[in-house]
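The transmembrane segment annotation in TrEMBL covers 20-40, 81-100, 112-131, 137-158, 170-191, 197-220, 284-308, 320-342, 349-372, 384-405, 426-443, 455-474. Residues annotated as domain 'Major facilitator superfamily (MFS) profile' in TrEMBL: 27-477.
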Amino acid sequence: MAVGGFGGVDGPVSSFNGKITASVVITCIVAASSGLIFGYDIGISGGVTTMQPFLQKFFPSVLRKAAEAKTNIYCVYDSQVLTSFTSSLYIAGLAASLVASRLTAAIGRRNTMVLGGLTFLAGAAINGGAANVAMLIFGRILLGFGVGFTNQATPVYLSEVAPPRWRGAFNTGFQFFIGIGVVAANCINYGTAKRSWGWRLSLGLAVVPAAIMTIGALLISDTPSSLIERGKVEQARHSLRKVRGKDCDVEAELAELKKASDVANEAKREPFVTIFQRQYRPHLVMSIAIPFFQQLTGINIIAFYAPVLFQSVGFGNDSALIAAIILGLVNLASILVSTGVVDRFGRRFLFLEGGIQMFVCQVGVAVLLAVTTGVSGTKEISKGYAILVLVLMCIYAAGFGWSWGPLSWLIPSEIFPIKIRSTGQSISVAVNFATTFVLSQTFLTMLCHFKYGTFLFYAAWIASMTIFVALFLPETKGIPLDSMNSVWEKHWYWRRFVSG
């Protein structure tokens, strides 16, 4: 688990692998529950924006457009004001994730998670009681800060605490809880959709996952790496003994952690400058490319707008919400598959298999919509074909759930040496939010103008990212964090940057 820079600290440390203890399992489950708030928000937003009382109060122009849009199924929900409700969270998350780099270094991973939970809780309360669009957007901004803090701190926390041999499995827990949040939100939307105040309940109940993860975070200790980084050696020893087991000798691992921290402190360089050095080029590229590509799979857009999307292709309001729930459950089940195989078959295998699966499904949906609704989208789609769209989307969601979903949080959190780990994760989360903002702001307009071509757009990106992984991403399964430099030194392309 110890992590060094490139100055000779790196080396195989197989004796530090540790074992799975009850403490490390409980700690990682509690930490991973931070994903609940992000998942809940993804799931709740799309459902609420199909509720008539919500639209009547805040976005009446959308309802007027829906009444007039009898000719083109793709353009019913094309509203920049409506998409700003969804996407405002991601601008706030982008800003928060960049601040979170310094925050996690100053107050620790755990405390950053607690701060994120409290901020999200405040935003949820404001949204539940919103009286106008301004309150609604302000609440969304607070939610964005909360998600920005937790998404930066949690994956790093999990990678630092988990034994290297099972790091992938433990880290997928974050995506699993995101999936639970999405499904819970979709179920709540289904239950509240018929009530005039249902949207308030849907938005306000976000305080529940926020409270769960905040209380949970208060009950766990910070990571040994983070404690040593802040000079708390005794607390780090206690934390390490707790997660590795009382019978395990932690002194050698603790010494290596201190050594890595000392190397980082001696450099005394600004991390945001250090990460742009030539020797960290592969790390920087991956911290940008992986989250960028994750969003260009189209998954979050489909999760945000699943009820809207399924309504557009012929499902009624209730049916659209049920379809979104089915999609979420498939994604959840597939994340469990990833948990079981990521440390056995490796990261690359899942990336490549998932990429091919998603590509085929996106092309399939595009062809199906083109044939059934016509090039202009003026023909009605039959119920049978609408169900086939749902089946293809479920196969697509499964491919994402065991590949780009969990692995996009895992890879950036495990490849960085300690001196730039918080910075690298911040860049990764910021890129994720920035890309999500642009896509969520443009998806409904794109759907209106590109029609079925929207799905071909995502298919082309999925093909590109699958080729990128095949060529440029080395396998990192089972490698201790402190030895990660070796995978770059052996890579056919990246070794020219990190060697010497």
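The backbone N, Cα and C atoms fix where each Cβ goes, glycine too.
Caution: TrEMBL annotation is automatic and unverified by curators.
Contact between the transmembrane segment (81-100) and the transmembrane segment (426-443) is supported by 3 or more Cβ pairs under 8 Å, counting only residues 6 or more apart in sequence. Within the model, the domain 'Major facilitator superfamily (MFS) profile' (27-477) carries an average pLDDT of 87.
Sequence-distant residue pairs (6 or more apart) of the transmembrane segment (112-131) and the transmembrane segment (197-220) include at least 3 whose Cβ atoms are under 8 Å, placing the two stretches in contact.
Away from its own ends, the transmembrane segment (137-158) comes close to residues 28, 31-32, 34-35, 37-38, 41, 84-85, 88-97, 99-101, 103-104, 109-110, 112-113, 115-127, 130, 167, 170-171, 173-174, 203, 206, 210, 213, 223, 226, 409-410, 412-413, 421-422, 425-426, 429, 432-433 of its chain (Cβ-Cβ under 8 Å, at least six residues beyond either end). Remark: the transmembrane segment (197-220) contacts the transmembrane segment (20-40), by the rule of 3 or more CB pairs under 8 A. Using a cut-off of 8 Å between Cβ atoms, the transmembrane segment (455-474) and the transmembrane segment (349-372) share at least three residue pairs, counting only pairs 6 or more apart in sequence. No contact links the transmembrane segment (384-405) to the transmembrane segment (20-40), because fewer than 3 Cβ pairs that are 6 or more residues apart lie under 8 A. Away from its own ends, the transmembrane segment (20-40) comes close to residues 110, 113, 116-117, 120, 143, 146-147, 150-151, 153-154, 157-158, 161-163, 166, 170, 173-185, 206, 209-210, 212-213, 216-217, 219-221, 242-245 of its chain (Cβ-Cβ under 8 Å, at least six residues beyond either end).
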